[in-house]
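Quick look at what TrEMBL annotates:
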{"type": "DOMAIN", "residues": "A:3-236", "note": "domain 'PABS'"}
{"type": "BINDING", "residues": "A:Gln32, A:Glu107, A:Asp138, A:Gly139, A:Pro163", "note": "S-methyl-5'-thioadenosine binding site"}
{"type": "BINDING", "residues": "A:His63, A:Asp87, A:Asp156, A:Ser157, A:Thr158, A:Asp159", "note": "spermidine binding site"}
{"type": "ACT_SITE", "residues": "A:Asp156", "note": "active site, proton acceptor"}
There are 2 protein chains.
Amino acid sequence: MQGIWFSELQTPGLAISVKLKKTLHHEKTPYQDLAVVETESYGRMLLLDNIIQTTVGDEFFYHEMIAHVPLNTHPNPRTALVIGGGDGGVIREIIKHPSIEKATLVEIDARVVANAREYLPEISCGLDDARVEIRFEDGIEHVRQMENTYDVIIVDSTDPIGPAVGLFSAEFYRNVYRALKPDGLFVAQTESPLFNGRLIRRIQRDLAEIFPIARLYLGTVPTYPGGLWSFSLGSKEYDPLEVDWKKAPQLVTRYYTPAIHQGAFALPPFVQEILEKRDEEEF
Amino acid sequence: MQGIWFSELQTPGLAISVKLKKTLHHEKTPYQDLAVVETESYGRMLLLDNIIQTTVGDEFFYHEMIAHVPLNTHPNPRTALVIGGGDGGVIREIIKHPSIEKATLVEIDARVVANAREYLPEISCGLDDARVEIRFEDGIEHVRQMENTYDVIIVDSTDPIGPAVGLFSAEFYRNVYRALKPDGLFVAQTESPLFNGRLIRRIQRDLAEIFPIARLYLGTVPTYPGGLWSFSLGSKEYDPLEVDWKKAPQLVTRYYTPAIHQGAFALPPFVQEILEKRDEEEF
């Protein structure tokens with residue numbers, strides 16, 4: 001392992017290391033430590049507080065799965081909100097849907113957007129679309145203030161430590177419910193089924209109390225711990241397992257397809273067990 | 001990152017590191033460097049030539065996917081051959097199928113089996129089943145000598161460097177074809193779709209020339225590079241996409257299910273592109 005490497009401690013006993021060609025940028029923003037590096041294996045990479053957020057090489061897995069599953073579940077999504085996601089990857093996927101009239105990005109840290117624009121054009125390229133509005137404010141606060149506004153809300157947050165903790169709370173999910181239209185739905189990234197089972201179980205139980213339809217789905221994300229990631233979906237009316245595929249838009253994608261959409265909800269027994277486990281412990 | 005860690009260079013620019021509780025065993029066998037370590041995140045782990053082969057924590061992903069896909073594709077598998085796989089994980093899955101009368105393990109390195117028996121009982125526990133025969137010989141040679149013998153052949157090899165290179169050759173696949181019964185099928189682990197695209201493409205083309213049915217499927221393997229792994233299947237008669245699930249045995253598994261079997265063949269566009277690419281280069 002010669003040369004300069006970046007290492008992320010993914011769990012107390014597990015680390016991923018990527019060889020760097022170059023550090024392109026490094027700053028302390030008002031909210032976090034931000035770096036953009038160029039890696040050998042995955043191209044350019046965005047780090048926030050020394051955690052890999054996205055890479056040009058593998059970002060499509062995550063961004064396609066968090067965006068197209070809810071957008072294809074809704075038969076006619078016109079307004080979408082992204083909380084977090086300042087790199088622009090989710091926005092880029094959202095505006096592939098011809099029904100979208102307005103996509104709002106609420107990112108607390110303007111420096112993430114500025115650096116994504118400068119260093120990650122492949123990911124941020126959708127941010128200048130005329131349908132996109134960018135607001136630099138607290139997503140928790142934004143959702144608290146909105147009512148009956150969005151067809152789809154996507155929570156593309158950092159891990160549940162520090163400022164993002166509130167994005168994993170039942171109170172937040174109740175506010176998301178209120179901010180959605182009467183037939184709206186939402187998706188959040190909800191960490192690793194291998195390492196965050198208790199968190200996923202608690203979120204799924206919260207969602208089942210708030211939304212008529214609550215579901216979990218999985219997707220590959222190579223640079224995240226264990227390579228397998230979970231997404232939690234709460235919906236007022238539409239079921240992601242009953243999409244009318246004949247009416248879905250033709251999308252140019254690299255990972256997502258209708259078959260992969262369906263397959264993502266086929267949970268392995270070890271994940272079913274996580275959801276069904278009795279657990280009296282505090283989260 | 002305090003303490004003692006094992007690091008594997010998965011690609012020239014990518015490494016995985018696992019924190020060790022203890023090194024249980026380390027030896028040079030006639031064929032390779034072998035170590036068994038106890039890790040914090042994945043429990044006990046088998047290393048061959050400093051490459052992670054399997055861990056007690058995540059072995060079920062790989063072993064279930066390489067075994068149950070071909071065994072459920074065959075309507076009545078009675079004889080199965082495993083090449084490599086000295087840890088016993090594939091054998092343990094094979095003998096879950098009630099139709100199996102004989103499962104032959106051909107492992108070149110007796111020390112792998114001995115150490116798996118001693119240190120990895122959760123994985124090797126099937127090796128003492130009365131239906132299992134273990135032969136310490138070269139899998140390439142074994143397949144060359146057999147004809148019309150096996151219903152299912154599973155190639156659970158190390159990476160295509162050193163002694164395993166021959167297990168990825170067209171000549172070997174032709175011998176596998178001959179060693180199979182007239183309606184037999186085989187599966188091999190064929191590395192990462194993210195990092196070994198050219199290898200996968202070449203194997204799929206070789207198989208398509210030799211077998212009436214050649215298919216690729218994917219599965220999660222957390223401790224392998226990128227967390228996403230490929231398996232290549234060649235079949236004389238039965239199509240893995242046309243399994244009669246009503247007749248399939250009820251299996252106790254942690255990852256594999258009929259829905260995941262089906263979903264594993266739904267290839268993402270980026271993998272389809274790998275297969276369709278024109279490529280004049282040498283492999």
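Placed from the backbone N, Cα and C atoms, the Cβ positions cover glycine too.
Any TrEMBL annotation is an automated prediction that lacks curation.
Here the features listed in TrEMBL are placed on the structure.
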residue: A:Gln32; record: S-methyl-5'-thioadenosine binding site; DSSP class: coil
residue: A:His63; record: spermidine binding site; DSSP class: helix
residue: A:Asp87; record: spermidine binding site; DSSP class: coil
residue: A:Glu107; record: S-methyl-5'-thioadenosine binding site; DSSP class: coil
residue: A:Asp138; record: S-methyl-5'-thioadenosine binding site; DSSP class: coil
residue: A:Asp156; record: spermidine binding site; DSSP class: strand
residue: A:Pro163; record: S-methyl-5'-thioadenosine binding site; DSSP class: helix
Original post:
Out of A:Gln32, A:Glu107, A:Asp138, which of these binding-site residues is nearest A:Asp156 (spermidine binding site) by C-alpha distance?
Top reply: A:Glu107
**OP:** Output the one of A:Asp87, A:Asp159 that, of all these binding-site residues, has the highest number of other Cβ atoms within 10 Å of its Cβ.
**Re:** A:Asp87
**OP:** Compare the Cα of A:His63 (spermidine binding site) against each of the binding-site residues A:Gln32, A:Glu107, A:Asp138, A:Gly139, A:Pro163 and report the nearest.
**Re:** A:Glu107
**OP:** With a 10 Å radius around each C-beta, find which of these binding-site residues (A:Gly139, A:Pro163) has the fewest other C-beta atoms nearby.
**Re:** A:Pro163
Subject >> Close in space, distant in sequence - A:Gln32 (S-methyl-5'-thioadenosine binding site), Cβ under 8 Å, 6 or more apart >> reply: A:Leu48, A:Asp49, A:Asp109, A:Gly162
**OP:** Measuring Cα to Cα, tell me the gap between A:Glu107 (S-methyl-5'-thioadenosine binding site) and A:Asp87 (spermidine binding site) in whole angstrom.
**Re:** 9
Subject >> Neighbourhood of A:Asp138 (S-methyl-5'-thioadenosine binding site), C-beta criterion under 8 angstroms, separation at least six >> reply: A:Val106, A:Ile108
Original post:
What is the biggest Cα to Cα gap, in Å, among A:Gln32, A:Glu107, A:Asp138, A:Gly139, A:Pro163, the residues listed as binding S-methyl-5'-thioadenosine?
Top reply: 16
